[in-house]
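Per TrEMBL, these features apply:
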type: DOMAIN; residues: 39-128; note: domain 'Quinolinate phosphoribosyl transferase N-terminal'
type: DOMAIN; residues: 131-318; note: domain 'Quinolinate phosphoribosyl transferase C-terminal'
Amino acid sequence: MLQNRWINSIEEVSVFHPSPERLFYSATHEEIKRGYTTDIYFVSAQQILKHLNLQDTLVVAEVFPRREGVMCGVQEVLNLLQESKVEVWSLEEGDTFEAKEVVMRIKGPYSEFGIFETPLLGILAQSSGWATAARECKKAAGKKAVLAFGARHVHPAVAPVMERAALVGGVDGCACILGAKLAGREPGGTIPHAAILITGDTVIAAKAFEEALPGQFPRIILVDTFKDEAEEALRVAKVLGEKLAGVRLDTPEERGGVSPALVREVRIRLDQAGFSWVKIVVSGGLNPEKIALLREDADMFGVGSYISGARPIDMTMDIKEVAGQKIAKRGRIPGIIPNPRLKKLK
Ligand SMILES: O=P(O)(O)OC[C@H]1O[C@H](OP(=O)(O)OP(=O)(O)O)[C@H](O)[C@@H]1O
């Protein structure tokens, strides 16, 4: 029997029984494409329209955000609508938008895309939220680099989505392997406390890092685990010499976090000892304000929770034309709102 491209009746939902033994509760790609993450009322809507033979009515819908930000998730939306016979106009990945600006327009028979309203808005809302937070960090860092470190704060099913969004927002690299690879990059990172705690000494871990890892992996050593950061930075620099690319300060908040004075002191002590090429990477609870405070002496910022915890940018989809007639719900303007920034993408 020919399977429908996606669900379009409540009966189909009733006989859908995902295995309770699945490994993770995240949706599979197939479940998303078949409509199983959508809100059920969009399925009811299809059935109502079909009952009236209106399911294929030509509709134009527009998407707008509730606050300003950075557009992200467009490619996933196009992939979601891959099999839908619709036209799509949109801002592109990384474009900025204003609150209430039309960021996407979809035209086609309602049966071809109505069911995807929930995942489509979810993709754009969360990806744009992450990309926007990443752009804020990058702006605060000026010419200094920002690495996304937040995969640990979100479900692994969406960690690559988030890290790619951070790259779209403008950060220079990300630690999550799959996120980086999907964006056509290589992951970037340093060394965790675990390696130093288990070896028992920062210098032993640094030497092993140098001996064991391939040359293209920059030697950036964490220096806050056992001793004073400046002291450890100098110990590591003396052993690795010109092979040392950088040191990372991740001083825990229980010890006051990384302060501008600490970064300045480490910088000056490294310079005075002749290690001026050694970069200083800082991390731990960073946000745009803290980045701005640290940016004079720090060279790179690792940011996790500020990006991962970004509020999604609520997106709303409104129908603006039905069968060629301008229409809108109360409070909205009937008919499309022209936006010359939109590009035809499908
Ligand atoms: O604070 P965020 O901006 O969310 O960034 C992620 C934090 O998670 C890691 O800390 P952790 O103490 O777990 O160190 P690790 O690197 O040794 O795993 C990392 O070193 C950052 O401090």
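Backbone N, Cα and C define each Cβ position, glycine as well.
In terms of DSSP helix, strand and coil, the domain 'Quinolinate phosphoribosyl transferase N-terminal' (39-128) has 37 helix, 22 strand, 31 coil.
Mean pLDDT for the domain 'Quinolinate phosphoribosyl transferase N-terminal' (39-128) in this predicted model: 97.
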